Structures are given as C-alpha cells and as structure tokens.
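Visitor: Pulled these features from TrEMBL for this protein:
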ACT_SITE  Glu100  active site, nucleophile
ACT_SITE  Glu104  active site, proton donor
DOMAIN    12-214  domain 'GH16'
CARBOHYD  Asn108  N-linked glycosylation site
SIGNAL    1-25  signal peptide
Amino acid sequence: MAVSFETSVVFSLFAGLTVLGFASSAQFHELFQPGWANDHFVYEGELLKLKLDNYSGAGFASKSKYLFGKVSMQIKLVEGDSAGTVTAYYMSSDGPYHNEFDFEFLGNTTGEPYLVQTNVYVNGVGNREQRMSLWFDPTKDFHSYSILWNQRQVVFLVDETPIRVHTNMEHKGIPFPKDQAMGVYSSIWNADDWATQGGLVKTDWSHAPFVASYKGFEIDACECPVSVATNEIGKKCSSTGEKRFWWDEPTLSELSLHQSHQLVWVRANHLVYDYCADTARFPVMPVECEHHRH
Ligand SMILES: *[C@@H]1O[C@H](CO)[C@@H](O)[C@H](O)[C@H]1NC(C)=O
Ligand SMILES: *[C@@H]1O[C@H](CO)[C@@H](O)[C@H](O)[C@H]1NC(C)=O
C-alpha cells in the first residue's frame, strides 16, 4: 500500500528483517483508476478484467507517482487464442527523457507459449529488450509480477523469482533511473504488427473479447504527490538518519545468493532473446552489458 512512511517506521522496529511481501493488497480503486476505455473494464468483486475487442483495448494508471519501492499485481493472461495481443504492465515517468520499466506479455495462438518481454528505458532511451518464456502457463492461473526498485537495482520478479536485474552502474558513467517519480500502468491492446512470431500471426477477432484479469494490487513505495517539487522528491524518498526505507536495506542492494541462482536457472532455461547478445543489432555491445552477468 502507498504508506511507505508508516511502513518504514514500522520496519525500523524490526530492523534487519526482510520485509518483502510486507504490503497487503489493496482494492483496485484505492491505488488506480481507468486510463482509457472505461467501458472495457469489468469489475467482479476482487477481480478486475480488461477487455480487448475490435473497437478498443483498455488501460489503467496509478493515481500517484512513486520513487523506489515495490509494485506487484497478480495477472491472469488471455486464455486460448491470444495471438496479436499484448498485455503490458509497467512503471513510467513522464516526458521525453522519461524512465520506464516494462513487462510486456506477448500473446500466442492456442497452446503456444506466451513470451514475456522486459525493457528498461533510461532518459528516454529503451532498446534493452529481453524475452523469456515462463515455467508455467500464465493463462491458467494468477501469478504475481513485481518490480523492485531502489538506488542500486531494478529487479523484475515473477512469483518472487527474479527474471531480470538492471544494476546501477553510475560509477561506470552509465545513467541509472533514480531521479524521476513513476506511475504504474497496465493495458491490453492489439499489436499484431509485431507481437506474435514477429507479426506473422494476426489477431483473430472472431475470438474477441480478449480478457486479462487482475487482482492483488500492492504498492509499497515512496509516494510522490504532484505537490512535491521534482527536486524535493529525491530528498523525500531517500533514507537518511532516522528515516529508513525498507528497500534501502543493504540486503536489497543486490540479489541474495538464492536469487542469483534462480536468475541463472531462469536465463539458462527460459531466455529467448537478450539485446546484450544481439550483435546484428548492436555490433558494439551496449556498455552496461559488458558488466552485466545478467
Ligand atoms: C467487430 O466485430 C463484430 C463481431 O465480430 C462485428 O459485428 C463488427 O462489425 C466489428 N466492428 C468493427 C469496427 O470492425
Ligand atoms: C509463439 O509460439 C511459437 C511457436 O511455439 C514460438 O516460436 C513463439 O516464440 C511464441 N511466442 C510469440 C510471442 O511469438
């Protein structure tokens, strides 16, 4: 929940404990609001469903912006034929030099695997795509998808297993996203020009509506009201003296040994594409890749 200050105060009583998963989940409307196509939203108790049909997709956005913390939601992706559709879940700041952390779930024909594409934009520049398959069928059940963000790293997690780490390498002169507050977004739309098998497979509208379902919304992050000036946000959301944010605990400055092993396993078994290894696209390997084992 968006109560980072209270959370950090509570946390200081238990200093040293890991409090991942500490946040309790909130109702959709407490944290989010529809961004577009209100008529493509279906509310069923705890569940939110977004529909894509030949008229429209749909998307929602957090009411607040945040700097650092952890954002999670449970998503059940489009069942059956989802070819051509993309369900995106991401954090983003505003403006031409924005930062962005993306999960994009690329649909497929019935029985063929979804792919998860992740990307990181820093100061308006992306081109850092990775693609993975998953070790379960993401259309059968809800699974949790999270972004953990602190001054040292951005970690993409699936059911708490890290699938990607973007490490702060400012000491090598590589910019790291840590000065702009970000909103949290999700949407479903038609992307059949590229999403499935490189755009070969088109959306079959006879199978519409395509439905992505959501529940378990959690944001445990430093909330940045619009009233707080940009230059004050960094100060407000940094741990100093008395004020300790849980995500600044040293144990979260890098993956634990167990998590590193999980990441190695995921990459060995599920990585389909990594921009760092795409020499056709990047004859000179992007600088951060030289230092990234992940
Ligand atoms: C959308 O699909 C419906 C049902 O298949 C069809 O009746 C309608 O004409 C389509 N609308 C557009 C804008 O393509
Ligand atoms: C869809 O399935 C095909 C065949 O199994 C696979 O090659 C492809 O990577 C899958 N995912 C996407 C998004 O195309």
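Cβ coordinates come from backbone N, Cα and C, glycine included.
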Visitor: Mean pLDDT over the domain 'GH16' (12-214): what is the value?
Guide: 93
Visitor: Please give me the CB contact count at 10 A for the residue listed as 'active site, proton donor', counting all chains in the structure.
Guide: 18
Visitor: Identify, in sequence order, the residues in the chain of Glu100 (active site, nucleophile) that are 6 or more apart from it along the sequence and have a CB within less than 8 Å of its CB; answer 'none' if there are none.
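Guide: Looking at Cβ-Cβ distances below 8 Å from Glu100 (active site, nucleophile), excluding near sequence neighbours, one finds Tyr90, Met91, Ser92, Ser93, Asn119, Val120, Tyr121, Gly126, Met182.
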Visitor: Would you count the other C-beta atoms found within 10 angstroms of the C-beta of the residue listed as 'N-linked glycosylation site' for me?
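Guide: Taking every protein chain into account, the count is 22.
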Visitor: According to DSSP, does the residue listed as 'active site, proton donor' fall in a helix, a strand, or coil?
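Guide: The three-state answer is strand.
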